[in-house]
Structures are given as C-alpha cells and as structure tokens.
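Report on the structure given below.
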Amino acid sequence: MILQNKTFDLNPNDIAGLELVCQTLRNRILEVVSANGGHLSSSLGAVELIVGMHALFDCQKNPFIFDTSHQAYAHKLLTGRFESFSTLRQFKGLSGFTKPSESAYDYFIAGHSSTSVSIGVGVAKAFCLKQALGMPIALLGDGSISAGIFYEALNELGDRKYPMIMILNDNEMSISTPIGALSKALSQLMKGPFYQSFRSKVKKILSTLPESVNYLASRFEESFKLITPGVFFEELGINYIGPINGHDLSAIIETLKLAKELKEPVLIHAQTLKGKGYKIAEGRYEKWHGVGPFDLDTGLSKKSKSAILSPTEAYSNTLLELAKKDEKIVGVTAAMPSGTGLDKLIDAYPLRFFDVAIAEQHALTSSSAMAKEGFKPFVSIYSTFLQRAYDSIVHDACISSLPIKLAIDRAGIVGEDGETHQGLLDVSYLRSIPNMVIFAPRDNETLKNAVRFANEHDSSPCAFRYPRGSFALKEGVFEPSGFVLGQSELLKKEGEILLIGYGNGVGRAHLVQLALKEKNIECALLDLRFLKPLDPNLSAIVAPYQKLYVFSDNYKLGGVASAILEFLSEQNILKPVKSFEIIDEFIMHGNTALVEKSLGLDTESLTDAILKDLGQER
C-alpha cells in the first residue's frame, strides 16, 4: 500500500512487519497530535485493529465504518494521508473525523456516536439488493453501545442476518473486564473454529428433532451459552467472538479471517488500552481523550491555563453554588460530565447528578419526568448533541410545559471539530417550539445570572446558550444585570444605527461598534437577551434608528434576525434589518478566528460590510 512517500506492505502473514507498521503509525500520531491537538488516546488504542482490518480487507469493497471516527487516525495514515496528516484539524487541512469529501477511503461522515451499526445495516441491505460482493465492517467503541440507535440496528441485523462484521473496541470505558481463567478459556474456545462449527452443527441437529426432545436440547444449549461472554448478542442472532486482545495482531488477523468466512453478522469483542504506546496517557481515559497541543516528553500542555474562567466553568461554579442551597436542583448530562462541567457537581452531590451515557433522548425525557415531580433538572449538553433529542424536547417537555433547564454548551462555531460539532442549529429549532423560553448571556457574569434566572423560572422549559472557550466580550466592559423574562438591555443609546447582539454576538457587535467609532460613526448597542419571548417593547426601542444590524452565532435561517423581522412585521413596522449570522452551509473545521474570517464575521470584515451598506468606504 502506498502512503505518499511511505510504502508499507500490509501482509497478514507477516506479523512482525505489521507490528513495525503499528509503531510507525503511533509515532506519527503522537508527533502530529502533540503539535495540533486532537483525539489521542482512542486513536492510539485502535492502531492494531485498524492495521488488521486493512491487512485483510479492501476498504473500497468492504466499507470501513468508524463510529464517531475520532479513533480513525491510523486509517487516515494508511490511505494516502501520511504526509498531509501534519495538517490534522487545521484550517483547510485534514479533518479529525472521517470525511468522504477528503478521501474516497472514508466511506461515511462521522462525528456523533453510535451510528456505525445502523450505517452498516444500510450498506448490507444495499449490497444484498445489488448482489454486490463484500460486507461492511464497523469499528465502534464500547461507549457507543449505550445509545438506542445501536440496539435498533442490532434488532434488524439479528433478524435479517445480513453479512457484517462489527468490532467492539472495549477500552474499559463502559464494559466490565472479563475475570479469571474461565473467561480466557471460553474466549479461546469461542473464537476457534471448533466452537463455531459446533454451534452450526447443533443448530442443524436441533432443527430436525421432535418438539419434546428439541426443548430439552435447546435448554442444554442455553446452559452452555449462559457461561460464555456475549450471551446478549447471541440471543439477538449476532455471532459473538471474544474477548480478544486488541493489540495482539495474530489474534486480530485470525479472528477477522473467521468472521469473514461466517458470512453472517458477527461481533468481535476486542479489549484495548486507550493511549497504548504512550505511557503518560495509558489508562488515563478522561485526560487524554481529547487534548490540545502538549509536550511529548512531559505530557504537559503547551497552552497556559487562562486566568479567566471559561463559560463552562462559570456555569458549573454557579450551579454548584445554587445546589448547595436548593436540594431540588439536579444535574443531567449525556456522557459528558467533564466537558459540561458537571464532574465537580457529581463529586459534591452524587445522588443528585446523573450521567445517563450517550442517550440524549433519555436525558431529556427523564428530566421532564423529574421536573413533573418538583425537581429542577439542569440538562447540561453540547449544542451539537442536543439536536439528537429534539422529539423529547417537543413531546415530553414542551407540550406539558415542564420546567427543565437546557444549559447549551459549545454554542456557535466550535473550531477544530468542524461540521459535525458546530453549535449552530439550536436557535432555529428551539424557537419554533411552543412553551419554550430562550435566552443568552453576553459574558461570564451574565451567564451566572442566566443560571440563577433558569433556576427560578418554573412555568415552562427554558434554554440558554454559551460558547466554547470564552466569550467575545471581555469581562467588565458592561455592568452585569439580572435577567427579567422578555426584557432586553440597551447598552448604548446614542447613534443613528442600532447594533443588536444576541449572546456571544454582543461581544462581536461591541468590537464593530468600537471600529465604527474610529470612523466617526456612532452606533447604539442592544443586548437582545431574550429570543423567546422577544422584548414586547422592541418596536419602541428600535424606532429611533435608521438601520438595524444583527449579530449572533447561529444559522441565519430561522435565526435571530428572522425573529426580529417577524416581530416588526406583525407591528407593521418597516425597518432595514441586516443579519450577520451564519450562512446556509455546514461550516468546516479550523481555528475559530480563521473560520470566522473566512465567513466574513471578523471585526474588519463586519465593519467593512456595514460601511458599504451605509454607502461609505473604509
């Protein structure tokens, strides 16, 4: 196989050669991720599995489907991207996830968890209809099996018996480690040809026996299966092989050969170590899952920690403060306790905070039930993952107007994770739902007040959003004030045009305001605060101004400017309104500042756009 300037011979019979390939791949992953940041530990842990897959299968005839795909770095290196891997997660460089537009070897876009088996079932159905050779091969992590879509796909797969290989990469994040010699012996038995042949023959024999005898024989087989791993999968009609050592290339190759011959759905349970090959990261799951640039020798971050709290920290600190005084506060997250800041609250009040795993729909529905019972559930969730729970928001929270509180983290452009993780949709779909209150803070201090308002709001569901990393508005520029339902805040009154900011858009609008002032153009500045309900006095507030310019980190369609235009139209008020929201396309990965500049959302571009609209030149 040609890797641009590298040539590797992936001979499945040359285990020593494959091990050298694995070491080369690990070295390259460490070299690049230490410089760029990325998903390190999962990618290091999956190297042997991916090398084994490529050694035995042509991935263009047997599509490789990577669940979430943050573990697919070795796959990228083995498919012509060894040299360009240095651009990983950089603006206009390689994506940190599989991306068909980047390479024909990347079968499917990925970034969210638990979709691989469902995709594989779809591929298998299509292959059967086309009478195509080959079968899909899905590599998924053990965390992925907590989501409902995984079981929905297994249900059909076990019933239809489509040929498909699933490799369950168990790095001890969710699945218990088998214990003792019996488990090891049964594993060797189950992955061997004797066991598979035995199972096949027993099934054939049982099918020929009279019903009375068949019942006793079936009970014998059930007893045999109960002492083996993987009973659950076998009961669904999925062949189970394992556990195997996911770093033992001999075991991987032999197991994949067996799975290939079965021509049925097979799940291979492979145990791996996250961070394999980098001692500092081995076994330290949370710290080394997603990392920024770091020193390869010491493991220390190359970026010094900011003295200013991140929005996530400001949120979680405030929630902890409130939780100490209010026993009705409960916290819910979907497999992201650290990312959403709930880890410290779980430590303080473990009985009142719930990590429901990768189950966003369940998070929202169960939270709605807790709200009905008088509790105050704060559902802490990334914007990109909230969209997976849309029906639960509508059906279970909003129809009954149950006062759940949606704390929407990573709202707006998120940077290096790209299309699958941008937090740009929540504004548009949430504002369309009756009974939903939607608001946004402009900085850390108003975020703290937003949490306090949400805690007291008890008449309906509410949602507030905040960005990744930091707000655009520096702390202390404007005095913080509390939230009052449906009230905006006019931060600067003087001017002929009005800049309207929503959430993080206030900071962007303020920077433009300062730039225009240097051009002797005075602008008023409004912090919209509430998107739903809008300030009932909005028509009076905007009346003195000739033009309105709207700034917000969300899609333009169905966004903040749309809401303002709808409101003014109902009041029979005609005002020129220009939106500086996100254009109607999926936004690529890269440094946030570079991405914003490419979209014309940096201060210089925004200032020029307003000057042009006003008929002036810079």
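Cβ atoms here come from the backbone N, Cα and C positions, even for glycine.
Annotation source Swiss-Prot lists thiamine diphosphate binding site at His70, Gly111, His112, Ser113, Gly143, Ser144, Asn171, Tyr278, Glu360. Taken from Swiss-Prot, the feature Mg(2+) binding site applies to Asp142, Asn171, supported by sequence analysis.
By neighbour count, meaning other C-beta atoms within 10 Å, the densest spot among the binding-site residues Asp142, Glu360 is Glu360.
When the Cα atoms are compared, His70 (thiamine diphosphate binding site) and Asp142 (Mg(2+) binding site) turn out to be 14 Å apart. Taking only the Cα positions, the spacing between His112 (thiamine diphosphate binding site) and Asp142 (Mg(2+) binding site) is 14 angstrom. When the neighbouring Cβ atoms lying within 10 Å are counted for each of the binding-site residues (His70, His112), the highest count belongs to His70. If you compare every pair of Cα atoms in His70, Gly111, His112, Ser113, Gly143, Ser144, Asn171, Tyr278, Glu360, the residues listed for thiamine diphosphate, the longest distance is 33 angstrom. Glu360 (thiamine diphosphate binding site) sits 17 Å from Asp142 (Mg(2+) binding site), counting Cα to Cα. Looking at Asp142 (Mg(2+) binding site) and Asn171 (thiamine diphosphate binding site), their Cα atoms lie 7 Å from each other.
For the recorded site, Glu360 (thiamine diphosphate binding site), the DSSP three-state label reads helix. Asn171 (thiamine diphosphate binding site) carries neither a helix nor a strand DSSP state and counts as coil.
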